[in-house]
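The structure appears below as structure tokens.
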């Protein structure tokens, strides 16, 4: 089976697994991962951190973002251009600002295009990138939603930065697969955090 059709089949299966998770279970695993993140050496050392604003079927990142600000780190969040696969990581000014961000047609909170913000790559890059996804395997392969935003952004990071950012996926244990199909455009990630059995 070609990677494209294998990915489509796996995406459908993973979406079904995620739909079966109760709100309580999503919250339990999210809290556990927040504890793992704040105790993580790479996180404690990082100054410039990128993190996604989670959708309902993703690990809840709210408390991670709160901790970033409490520790005096600089927080960047994705701003997607939906007509392309282009994404920037733009500065979030405060934790409180999240509630006033507009919602896109994909139900994602992000600053408007017209909202001039510091972009991470233009001011020194990133130390650490927390990534969402639909599925992951233990070799560091990631299955996204099919648009290639993170793969494209990571390639730009490697071209711009002297130092490669450390990439960490945040996952429910139900998103861990034996093997994720990949092609030449897929970027491997450094680490996947999830509830270890």
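Backbone N, Cα and C define each Cβ position, glycine as well.
Not measured: the values here are computed from a predicted model.
Annotated features, as they stand in TrEMBL:
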type: BINDING; residues: 7, 8, 9, 10, 11, 142, 143, 144, 145, 146, 147, 148, 149, 150; note: ATP binding site
type: BINDING; residues: 53, 58; note: substrate binding site
Site diameter for ATP, Å, by largest Cα distance between 7, 8, 9, 10, 11, 142, 143, 144, 145, 146, 147, 148, 149, 150: 21
Which same-chain residues, if any, lie at least 6 apart from residue 145 (ATP binding site) yet have Cβ under 8 Å of it: 11, 133, 134
For residue 7 (ATP binding site): intrachain residues, at least 6 apart, with Cβ closer than 8 Å: 143, 146, 181
Where residue 143 (ATP binding site) sits in the secondary structure, as DSSP reduces it to three classes: strand
Same chain, 6+ residues apart, C-beta under 8 Å of the C-beta of residue 53 (substrate binding site), given in sequence order: 61, 65, 77, 78, 98, 101, 108, 109, 110
Spatial separation of residue 58 (substrate binding site) from residue 147 (ATP binding site) - C-alpha basis, Å: 17
